[in-house]
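Some notes on the structure that comes next.
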Amino acid sequence: MGRVGVVSWGAYIPKYRIRTEEVARIWGDDPLRIVDLYLVDEKSVEGIDEDAVTIAVEAARRALRRATLDPRRIGAVYVGTESKPYAVKPISSILIDALGLSNNVFAVDMEFACKAGSEGLMAAVGLVESGKVEYGMTVGADTSQGEPGEHLEYSASSGGVALVVGREGVAAELEAAYAYASDTPDFWRREGSPYPMHGEGFTGEPAYFRHVINAARGLMAAYGYKPSDFAYAVFHQPNGRFPVRAASTLNIPMEKVKPGIVVTHIGNTYNASALMGFAKVLDQAKPGDKILVVTFGSGAGSNAYVFSATDLIKERQNAAVPTVEAMLRDKIYVDYAQYLKMRKMIKLFEY
């Protein structure tokens, strides 16, 4: 696929955290059982003045700062989220003014559950490869929803990642891409509903594992890769168990997966989930390292990518931008009452 690839990346994780044991305490669940079930110790919580827009803006600013890139050279902006503050009003157009981009930019919000942000990656790559734009940006950002007392509440969290793609200054070249999708009713949220629903019988084998495994195997078969070719492997992380099992099924050893695991510390950031693991790996990769990234979105589909780190990776890593590891350590714990307030889940009624 030529020299098109990731020029820069930026991530943002809200510093607030709520421990799994605190949520379990409120609902009378056994905290040890819940932690063992999901392998999520705590999750990130957006501040009371944060939403998917502010998270996307901060991640995108960090991506631009890392490459010292003139924002007016960005010709396309894609945003993937399940947490739009507005039913009808794009986040991508807000980014144009917030980041100082040109008004002559292709901008759109995308939707495919948790893989919309990574779908924007391919759209941006396509425009760059065609010569229509010099650089493109895709952002995955969410303040994901989980109904109080329902098991999604233990993992649904907040965060964002932005990727800039182009031909010049590439830090991680995109070598291969492959997709696998089908109509699978594993997870949905109807219009006007504040919380999603999920068909528990569909979330494992028919949805996540079928699509993730087929996308990864399809990519390796189509391009001739072997598990031993990859220095790192990153998967969508709805919980701590699924990506580990996916890697085992693909005969990828844990030492290649563990560096990209973030769900244990921040939960499932939905559109930023696999991308956050990818950003964490980019923070530490060496020139020549090949990185397998497999995203997943309910409904359902997976995209698999292979990136190869270039000699510019070290220069990008040395930029004055917070690493994912640093953000994982920078945290303030809140209790359940503060969590409800910050997530605006306490409703006031006028009489």
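These residue numbers are counts, starting from 1, taken along the chain as shown.
From the backbone N, Cα and C atoms, a Cβ is placed for every residue, glycine too.
Owing to the predicted nature of the structure, the values given are computational and were not obtained by experimental measurement.
These features come from Swiss-Prot:
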type: ACT_SITE; residues: GLU82; note: active site, proton donor/acceptor
type: ACT_SITE; residues: CYS114; note: active site, acyl-thioester intermediate
type: ACT_SITE; residues: HIS236; note: active site, proton donor/acceptor
type: BINDING; residues: ASP30, CYS114, SER155, THR203, HIS236, ARG245, ASN268, SER298; note: (3S)-3-hydroxy-3-methylglutaryl-CoA binding site
type: BINDING; residues: ARG241; note: CoA binding site
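Looking only at other Cβ atoms within 10 Å, the busiest spot among the binding-site residues SER155, ASN268, SER298 turns out to be ASN268. Between the CA atoms of GLU82 (active site, proton donor/acceptor) and ASP30 ((3S)-3-hydroxy-3-methylglutaryl-CoA binding site) there is a gap of 30 Å, rounded to the nearest whole number. The most crowded of the recorded positions listed here (ASP30, GLU82) is GLU82, judged by how many other CB atoms sit within 10 Å of its own CB.
For the pair formed by ASN268 ((3S)-3-hydroxy-3-methylglutaryl-CoA binding site) and HIS236 (active site, proton donor/acceptor), distance between Cα atoms is given as 9 Å, rounded to the nearest Å. Put simply, of the recorded positions CYS114, HIS236, ARG241, the one whose Cα is nearest the Cα of ASP30 ((3S)-3-hydroxy-3-methylglutaryl-CoA binding site) is ARG241.
The distance from the Cα of SER298 ((3S)-3-hydroxy-3-methylglutaryl-CoA binding site) to the Cα of ARG241 (CoA binding site) comes to 17 Å. Cβ-based neighbour count (10 Å, all protein chains) for HIS236 (active site, proton donor/acceptor) stands at 28.
DSSP classifies ARG245 ((3S)-3-hydroxy-3-methylglutaryl-CoA binding site) as helix under the three-state reduction. Cα to Cα, SER155 ((3S)-3-hydroxy-3-methylglutaryl-CoA binding site) and ARG241 (CoA binding site) are separated by 12 Å.
The residue listed as 'active site, acyl-thioester intermediate' is 8 Å away from HIS236 (active site, proton donor/acceptor) when you measure Cα to Cα.
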